[in-house]
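Participant: Can you read through this structure? Questions will come right after.
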Amino acid sequence: MEGGYVNEGGQLKTKNGQKYVFNGPPSGVYVSKPCLVVTAFIMVVILIFSILITYFVTSHGLGKPEANPSYITAQAQSKEHPEGNSTSVATAQFHVPDWLKDNFHTSTSSPNRIKDEENVVVPPVVKEEEKTIVPPVGDIPVVKSEGVNDDGDDITKPTDRLLQLHEGWRPIHYSIVIEPNVETSTNNGSLVIEIERDAKITSWEPIVLDVYNVSISNVRVIRSLEGNETDEVELDFDSDYGENNDSFVVKLNPSLASETQLKIALSLDFVSQVTDTLQGVYKTSYINPDTKKTEWMISTQFSPIDARRAFPCFDRPDMKANFTISIVRNSNMSMALSNMPKYHSDTHRLGYIRDEFMTTPKMPTYLVAFIVSNMVDSQYANSDGQLFPRVEIWTRPNFVDMTNYAYKMVRKFLPYYEEYFGIKNKLPKIDLVSVPDFGFGAMENWGLITFRDSALLVPEDQELASSSEHMQYVAQIIAHELAHFWFGNCVTPKSWDDLWLKEGFACYMSYKALNQAHPEFQIMDTFTVLEFKESMQHDADNTSHAISFDVRSTSDVRRIFDPISYSKGTILLRMLNSIVGDEAFRSATQDLLKTFAYANIDRNDLWVFLTRHGHEMGTLPKELNVKNIMDSWITQPGYPVVNVERRGANLVLRQERYLLPARNPLDKQRWFIPITFETDDLHKGDNIPTHWLTKDQEELVIPDVFTKETNNNNTVLYLNLNRQGYYRVNYDSVSWLALKKNFTLLPRITRAQLLDDALHLSQAEYLPYDIPLTFLLELYTSVDDELLWSAAKPGLNYLIYNLKREPAYETFRAFMKFIVRPAFDHYGLNEPDNESHLQLKHRALVANFACKFNYDRCTQVAQMRFREWMRDAKKNPIKPNLKSVIYCTALSEGSYPEWYFAYKQYKRTTSASEKEEILTSLGCTSKPWLLSKYLNMTINSTSGILKQDGALAFRAVATNAIGYEIAFDFLQTNIKEIADYYGDGFSTLTEMIKSLTIYMNKDYHKQQLQLLAANCHKLGLKAVESAINLAMEQVNDNIYWRTHSYDKLKSFLESIVSEFQINIF
């Protein structure tokens, strides 16, 4: 039986543990006992003799290993280690650029510079205990690193490590030669870093480089030369790995401490890993459609803190430097790319090519990138050769015809950014690369932007055509990454504490750019639903964090890449724009970028510029400054609810923190809130605040808002115009009633805002559920209001997840079917060719609701369309915007034939967006064995499911009411294997755990999570344990809601169903 083994007792044991007993006749050769004893004695004698001979030969043939003293002089090195590296910098194996050599002659030297050749320090050589392997690449010896097995795999358990910020030295320039090797999973490289003392640090500190599983050898420290001097002066030093081997420490002689302007060149050789976890330098593969063979490629992902996996460096955002990169590649790889244009290629040795790239602008290590592969370009640079910068898109040969949409977007967005920021892009080229397996959506490496396929490629073939939503997503991702060229790359936050600055600006500017390129998308209206949903649902309970907080560990760094940094950062910048006005915001941004070009900023720098321009424009009152306003939003988590009360003719406002599972009167967090409002009689005309509810005020009284003539129950009042402020509004009962009566007359964004606020205020017990249910009934007549339908989705999803396994779901589903029916009967499962972008998105959303609530006209047609496709797999009749709902519905209502057909189409299609649609739908099946099979495929590298899509596939099962318990069992059973398979780079396990909790609303669910956390603690999976503890808060919120709100909601639903005589079947 294949894959089994025979154990003691003659049993055959298979991989699954099944046992079989052999009962056949005896076989073999009979051996007598005396013969066996004699044979054993002879073997022992031979073994002892072999050991003695081996010892004699080795003891006379090898020298005794030398101890490594703290400081080794050149004299001692030359006597005891004549093989030591005494090569001059100019002729060493590492490459030193001409301009760096020139700098050796222009640096100021100390009058106490050591000139005695006997006292010049030569770097320590590789110790003899370290076995030097014949170099498979370059001329650099490969030292086998601890923590790396023979296959090059990382066998070191991922750990959460404190971030050590070492001061005293700053890099000026890196010269890197690196040769990644797919076969050995290693990078061999050499490195020269020009380093200078930090004038702001007066103490004498060691040079500390960040490393992660990197072996270092042949270290040298050379003083930069003065004037016309050409003789190198090597400095005395001691070097060793730091604590936990996560740093490499070089200690110079303390006699140099008086030289405050000391500048040195640190050179070394290194060996690092080519990983398979999509971090650092990593390898990935794809099937060549012509040869049907696997083709490997090398890609990089250094953000946020993984440049240290590739080469020793100062791996911090504020340690910016220039980089000159050389890549040695096997000649069977046709291309290499890096941040800057290639200026020279030559044969390095037989079968290998060395590509030299121009020096980058000053930038942090996380932006360094390179690609080595057989991908091809789309030839846009040749056709638009007169345009600056040169833009090219690289992908696999069969995807070239999917790049046109992305190229057009780049050419639209670049001029907009140059004009808005008032700064021209200076990079001569921009390469965009679709990487087969990529952890993030995209990465803004300066000059070399990397994407996952679905974030860059848009098929133009009718059968593979992307949905309107996917095309908008691709456009916005490209706009986001290009915006980073100004905010993030040119001007960089000083630390990860202010990640939100660069990500918030890139997100906000992507909306502005897309709105300018495609105003028909009405993307700024979508902003008020999409970004608020992403941020507010993560910012609503005690697990949230301040948008800027003290980042102390590696897990903190990875954790802040979340909707708080992205969506909340975006919302707060938009709020700032409304506070100071468009003109002041733009002028302040331009001044900031020009002042800090190629340098670092923190949020206080932005506050200064915005305050100055707000005062100059007269939009910000002189008594206010942006820092006082924004500190309350930046330094504490959460967001407020503004409570509205009519008190005679006056409007009275109070604030409290919105908090799940319920309001907490003891929470004293307060914010500096910009107030805008309109009434029947007062229409403001802009978004600039007229009043401020400050942190210190118990209440804000705005006098004479109502007159005796108008202050009646029908007077309309609404706050937070165009949802410019980051808060929810809870009105008194009179105001809610007036808003409901005049709902159709309200502005479009206000209608959506009211529905979203009402649903979430009820979730946290600020409102009874009759108010949001009444507003939901507006969908019945608002068939074409796509923004209102979008606003309903987050709140409805929460109710679906918490009711789906409860008796009240039957009534809730009947209520929602009643609401959705008119819209679906109007649109159906059809997609006309002449509809707008917004109409197509809205049509898909209505269909999604109809099928989700089992409206038979939707589910039956969906199954029919899918079976039509099954009859002719080569011709897909399903329209792009309806694929998601039809695929999921067909697999949910169908059985294994539909599932296996979908999986086959997943492996066949070349469209990345189509693959994602199918991956999601595979989790919709109602068959438990298929869901279990699907989950196991996510940790099988031969299944065709990429690591980048593991969390997506898991979430598809976990959000299935039938599948979430299967998903939990899978996670609990395979937690160690999943952690090893995915690594810790992209919080894949954290995302899996988050998606598990949506159905968990009972006490035993909490106990299950506690057991899983205990298991993770035992296995040393600290980051996963922390994620589970955070997820526990969501479960507590769900338990509270079920205990306190379920029965009330059930009662309201039954009353409405009865009143409107809704058929629950």
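Placed from the backbone N, Cα and C atoms, the Cβ positions cover glycine too.
In case it helps, TrEMBL gives these features for our protein:
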type	residues	note
BINDING	HIS480, HIS484, GLU503	Zn(2+) binding site
DOMAIN	171-367	domain 'Aminopeptidase N-like N-terminal'
DOMAIN	405-633	domain 'Peptidase M1 membrane alanine aminopeptidase'
DOMAIN	717-1017	domain 'ERAP1-like C-terminal'
SITE	TYR566	site 'Transition state stabilizer'
TRANSMEM	35-57	transmembrane segment
Participant: Sort out the sequence-distant neighbours of HIS480 (Zn(2+) binding site) for me: same chain, 6+ apart, CB within less than 8 Å of its CB, listed by position.
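Facilitator: For HIS480 (Zn(2+) binding site), the qualifying residues are ALA442, GLU444, ALA506, CYS507, MET509, SER510.
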Participant: Cα-Cα, whole number of Å: HIS484 (Zn(2+) binding site) versus TYR566 (site 'Transition state stabilizer')?
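Facilitator: The Cα atom of HIS484 (Zn(2+) binding site) is 13 Å away from the Cα atom of TYR566 (site 'Transition state stabilizer').
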Participant: Under 8 Å Cβ-Cβ from GLU503 (Zn(2+) binding site), six or more apart in the same chain: what's there?
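Facilitator: Same-chain residues close to GLU503 (Zn(2+) binding site) (Cβ under 8 Å, separated by 6 or more) are GLY488, PHE561, SER565, TYR566, GLY569.
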Participant: Over the span of the domain 'ERAP1-like C-terminal' (717-1017), how high is the average pLDDT in this prediction?
Facilitator: 95
Participant: Determine, for the Zn(2+) site, the additional residues of the same chain whose CB lies within 8 Å of the mean position of the CB atoms of HIS480, HIS484, GLU503; present them in sequence order.
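Facilitator: Everything else in range on the chain: GLU444, GLU481, ALA483, PHE487, GLY488, LYS502, PHE505, ALA506, CYS507, SER510.
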Participant: Can you count the other CB atoms that lie within 10 A of the CB of HIS484 (Zn(2+) binding site)?
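Facilitator: Counting Cβ neighbours of HIS484 (Zn(2+) binding site) within 10 Å gives 24.
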Participant: Test of understanding: give the count of other CB atoms lying within 10 angstroms of the CB of TYR566 (site 'Transition state stabilizer').
Facilitator: 22
